[in-house]
Amino acid sequence: MTQTLTLRRPDDWHLHLRDGAMLEGVIGDTSRTFARAIIMPNLVPPVVTTADAEAYRSRIMAALPEGHRFQPLMTLYLTEHTAPDDVARGKESGLITAVKLYPAGATTNSHGGVRDMNKAMPVLERMAEIGLPLCVHGEVTDPAVDIFDREAVFIETVLDPLRKRLPELKVTMEHVTTKDGIDYIRSAGKNLAGSITTHHLIINRNAILVGGIKPHYYCLPVAKREHHRLALRAAATSGDARFFLGTDSAPHVDPLKECACGCAGIYTSINTMSCLAHVFEEEGALDRLEAFTSLNGPAWYGLPANEERMTLVKRAEQVSFPAKIETGAGPVTVFDPMFPLYWDVA
Ligand SMILES: NC(=O)N[C@@H](CC(=O)O)C(=O)O
Ligand SMILES: [Zn+2]
Ligand SMILES: [Zn+2]
């Protein structure tokens, strides 16, 4: 008998759609499957003001394939000069779902991010007042801190002090990659949740480095040791409402990945649900997949869960995805989980 699983249509709480030809090339892979996604603002130049977000939202809607129903949830890129009033207007109008903190230099297009958290305090205080969540790329940028320790050090030196200073601020720790991050979220009383990517549930750092250097497994935060991956799996499949899916699908054209200084980012929009069903089945937690992809995220962001349903089917034959997608900007390699996939979106 064919195994099927029906769940509420999922959402993606951390997504890079880019702009122009890349946006046009990738958006369908998300909007085919996901009802909503939180859209990252790290364009060049970044989405800093409500007016920028409004214009970007229009470009996204214009790029949406015919017949797809999809709602982009817009974010603002926090700078040291962000105006609290503009942020408040953005939330009030319903356009802005969250503000994004990139420590300056931490990741792709983050040079305009925050260097001195004190300078961002007026905006953060206003966000705490009006209940607008802060999404964080949780890594320090101090060159003296080892890249594998940057998340843990961020929690200790930036996130925990910030949460003590502003306990009413809702913070989403995005793309959690360590057991330290999972334990910190679990230990927090309130106002803290975490998104977990598809790929961090599947790869550890060996994927990047064993048998040759594999740029298509390189992303930030970089994949960690196996015991961290196991902690992420346990959290994602636990049903704990503080953990939900944020794919962090981050397309870069192949020439920018396959070079001496390759970009960070993994493209998973096209096969995320197949990969996740595989992972949750392995963990004996298929009954908790819906919480992770479709219930916990909306509850955290104060939005209704989607009413539409999606059915996943376990095929007898392997389900195949293209090795690359072609976009007007160039080819983008698709995440290869390194095991055969059988679950398919019906
Ligand atoms: N995750 C990544 O490796 N890259 C993201 C940026 C980010 O989310 O840190 C990107 O924009 O390419
Ligand atoms: Zn990030
Ligand atoms: Zn990201």
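Cβ coordinates are placed from backbone N, Cα and C, and glycine is handled just like the others.
Per TrEMBL, domain 'Amidohydrolase-related' is recorded for 12-306. Sequence annotations record features per position, and here TrEMBL assigns Zn(2+) 1 binding site to H14, H16, K100, D248. Look at TrEMBL and you will find H16, L17, R18, N42, H137, L220, H252, A264 tagged as substrate binding site. Look at TrEMBL and you will find K100 tagged as N6-carboxylysine. Sequence annotations record features per position, and here TrEMBL assigns Zn(2+) 2 binding site to K100, H137, H175. Here TrEMBL flags D248 as active site.
Sequence features annotated in TrEMBL and their locations in the structure.
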residue	record	CB count, 10 Å
H14	Zn(2+) 1 binding site	27
L17	substrate binding site	25
R18	substrate binding site	22
N42	substrate binding site	22
K100	Zn(2+) 1 binding site	25
H137	substrate binding site	24
H175	Zn(2+) 2 binding site	27
L220	substrate binding site	22
H252	substrate binding site	26
A264	substrate binding site	16
(message) When you rank R18, H175, L220, A264 by Cα distance to K100 (Zn(2+) 1 binding site), which of the binding-site residues ends up on top as the closest?
(response) H175
(request) Using CB under 6 Å from any atom of ligand 3, narrow the binding-site residues N42, H252, A264 to the ones that qualify. (result) none
(message) I'd like to know which of the binding-site residues H14, H16, H175 sit within 10 A of L220 (substrate binding site) at the Cα level.
(response) H175
(message) For a Cβ distance below 6 Å to any atom of ligand 1, name the binding-site residues from H14, L17, R18, K100 that qualify, or say none.
(response) none
(message) Considering every residue in the domain 'Amidohydrolase-related' (12-306), what is the mean pLDDT value?
(response) 98
(message) Give me the count of other Cβ atoms within 10 A of the Cβ belonging to D248 (Zn(2+) 1 binding site).
(response) 26
(message) Spatial neighbours of H16 (Zn(2+) 1 binding site) among the binding-site residues N42, H137, H175, A264, defined as Cα within 10 A: which are they?
(response) N42
